[in-house]
2 protein chains.
Amino acid sequence: MSQKNTYNVAVVGATGAVGQKMLETLEDRNFPINELKLLSSSRSAGSKMKYKEQELVVEEATPESFEGIDIALFSAGGSVSKKFAPEAVKRGAVVIDNTSAYRMAQDVPLVVPEVNEADIQNHQGIIANPNCSTIQMVAALEPLRDALGLSRVLVSTYQAVSGAGNEAADELREQSQAFLDGEELDAKVLPVKGDEKHYPIAFNALPQIDVFQENGYTFEEMKMINETKKIMHMPNLSVAATCVRLPFFTSHAESVYIEVEKDGVTVEEVKQLLSQAPGIVLEDDPASQKYPTPLSSAGKRDVFVGRVRRDLDNEHGFHLWVVSDNLLKGAAWNSVQIAERIIANQWL
Amino acid sequence: MSQKNTYNVAVVGATGAVGQKMLETLEDRNFPINELKLLSSSRSAGSKMKYKEQELVVEEATPESFEGIDIALFSAGGSVSKKFAPEAVKRGAVVIDNTSAYRMAQDVPLVVPEVNEADIQNHQGIIANPNCSTIQMVAALEPLRDALGLSRVLVSTYQAVSGAGNEAADELREQSQAFLDGEELDAKVLPVKGDEKHYPIAFNALPQIDVFQENGYTFEEMKMINETKKIMHMPNLSVAATCVRLPFFTSHAESVYIEVEKDGVTVEEVKQLLSQAPGIVLEDDPASQKYPTPLSSAGKRDVFVGRVRRDLDNEHGFHLWVVSDNLLKGAAWNSVQIAERIIANQWL
């Protein structure tokens, strides 16, 4: 495809939690759009959404919707991506897919630009956007891996409900009010909409995100484990994850333990590397109680790191607290950022 | 002291979050009380509280309050314990102290009955009740240490606001309603009442519990590290902790990674050991989405364990999810349990 100045962009799943943030991010970044097409399932077709000063009507996605599209941003669930991403590619579009449908496929690059931007150029039409909790973690780990080597990652997550979509956020809001009013809590969505049992999330913590796998890990945990290895090109990296859903709306936090390979690394060295890394903001000063929180990072595109300290028993071990807006760097912004890098590098 | 059938018991800090639970627990356990004396600071003196069918008036604590007391349960802050515990001991009482004042003192046993009940008999008048987040963790680890050996513990906590007292619980309630009403959040208590800055806890996560130490760890984290080593009699055990305050009222949850010494241990073996251990309830069946949560464990005296699984990279590594009511096993129940063991063993 020859270089253009503006592009025809489709957003699939435009009315969802991530889709809405994609529109906002395209607008905030003043993305070079020629024509913007908003697509959805038949259920949401006909909805109206605003982009800049325009009012756009959401259309039902069909294979023909992708005629003339240059870049298609997908975030409407794995089955929609499986059905329509190949149709979009067949019609000449590059697909940036925010579902888990293609992430582990060998011919699909799985990309966090701060970590493996160069992988984009190997794409065969589809580029996968990683899982939200994975993105912020690898973005924080990459500058350390690069300078210090990395042999082990152990993470426990503190994840916002918006990662499970608008319905989950509504459920938290309704249950919270019911709890404060002394009423019974009605649980229909979390931990996993399609799973058999549902538990209240308001004033609670649920150690299940996505469905359980045969090995006793949840799919969310396996995504963090497998995607981290793929993005960082470290198939033998030791990675473990425990993923927990918590009663807040936006931003995931992560308690991350790592072991680096280099000897004699100081906390100052780790902080210095993080403070200079692209996309990372170091917010770390115990003396003034400075550390990132979900509320403080919501609505921002960066990954925030605090609580950096050395393990007291292992000279190579360090602890970090990593926080980022799960709908922005964890989803919409990382997808738009991939699109920006494609354009800047002429990798369409 | 000769054996009696009933005892004169004082509860110091009776009006606080833990003090209230101490009264409930003494009543639930039908503790053999002759006379019950409720003590507090001058601020709360005069309050009335119920024990069984009696209405009791809370008195201001003075050294003379402890005349004739056999067992004094302290939970009114470290400075109150420092001031009055020696006065109680001088007058012949055994003190069970729920503050951090004496926990690391060499001549003070630090006790979780399921782990180190025998240490009680070395007391010189004061027995310390460990930190809430430590108690539930060591209770879950002890049966594994005993059968499999234990070389490493790495924990990330998910802690309820009631651990910071009734004021913190009120703050969560008020902020939650303000947030739902679209109002500004007023933060005056959390993360630490006496610290300089305060941040909203409603729909948020605060990676600070208690004040920061020079080494970058919080005091809560150092309590978990140091108390675990003391209770388990393992000064060289590798322990690391990240402690996080979360927006729920009751029960702490913990994502715990351990390494055992024995080779070839299976997940079934770990589950079997936990299911047979005193004070532990195994709630673990991924196929039926069975795992403990803060809401499901609140109001119960046991420690609940779920999500038991082997680390995917380390044959000796296992992950656990440990949940317990921080005001019961984490405080009031563990204190009353120590008192029960003292009586049963005639260790007064």
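From the backbone N, Cα and C atoms, a Cβ is placed for every residue, glycine too.
Counting only same-chain residues six or more apart in sequence, the Cβ atoms lying under 8 angstroms from the Cβ of A:Cys132 (active site, acyl-thioester intermediate) belong to A:Gln159, A:Gly163, A:His252, A:Asn326, A:Leu327, A:Gly330, A:Ala331. Sequence annotations record features per position, and here TrEMBL assigns active site, acyl-thioester intermediate to A:Cys132.
DSSP assigns A:His252 (active site, proton acceptor) to a strand segment in the three-state reduction. Cβ contacts within 10 Å of A:His252 (active site, proton acceptor), excluding its own Cβ and spanning all protein chains shown: 30. Summarising the annotation, TrEMBL assigns active site, proton acceptor to A:His252.
The NADP(+) binding site annotation in TrEMBL covers A:Thr15, A:Gly16, A:Ala17, A:Val18, A:Arg43, A:Ser44, A:Ser162, A:Gly163, A:Asn326. Cβ neighbours within 10 Å of A:Ser162 (NADP(+) binding site), excluding its own Cβ and spanning all shown chains: 25.
A:Arg103 (phosphate binding site) is surrounded by 22 other CB atoms, counting those within 10 A of its CB over all protein chains shown. Marked as phosphate binding site by TrEMBL: A:Arg103.
In three-state terms derived from DSSP, A:Arg245 (substrate binding site) belongs to an extended strand segment. Around the Cβ of A:Arg245 (substrate binding site), the same chain contributes A:Gln159, A:Val161, A:Gly163, A:Ala164, A:Leu190, A:Pro191, A:Ile201, A:Ala205, A:Leu206, A:Pro207, A:Gln208, A:Ile209, each under 8 angstroms and 6 or more positions distant in sequence. As annotated by TrEMBL, substrate binding site applies to A:Gln159, A:Arg245.
Look at TrEMBL and you will find A:8-123 tagged as domain 'Semialdehyde dehydrogenase NAD-binding'.
Summarised by DSSP class, the composition of the domain 'Semialdehyde dehydrogenase NAD-binding' (A:8-123) is 39 helix, 32 strand, 45 coil. Binding residues for NADP(+) (A:Thr15, A:Gly16, A:Ala17, A:Val18, A:Arg43, A:Ser44, A:Ser162, A:Gly163, A:Asn326) extend across at most 25 Å, taking the greatest CA-CA distance. Around A:Thr15 (NADP(+) binding site), the C-beta neighbours below 8 angstroms that are at least 6 residues distant in the chain are A:Ser40, A:Ser44, A:Ser47, A:Met49, A:Val58. Counted within 10 Å of its Cβ, the other Cβ atoms near A:Ala17 (NADP(+) binding site) come to 23, all protein chains included.
Cα spacing between A:Ser162 (NADP(+) binding site) and A:Arg103 (phosphate binding site): 21 Å, rounded to the nearest whole number. Mean pLDDT for the domain 'Semialdehyde dehydrogenase NAD-binding' (A:8-123) in this predicted model: 97. There are 25 other Cβ atoms within 10 Å of the Cβ belonging to A:Gln159 (substrate binding site).
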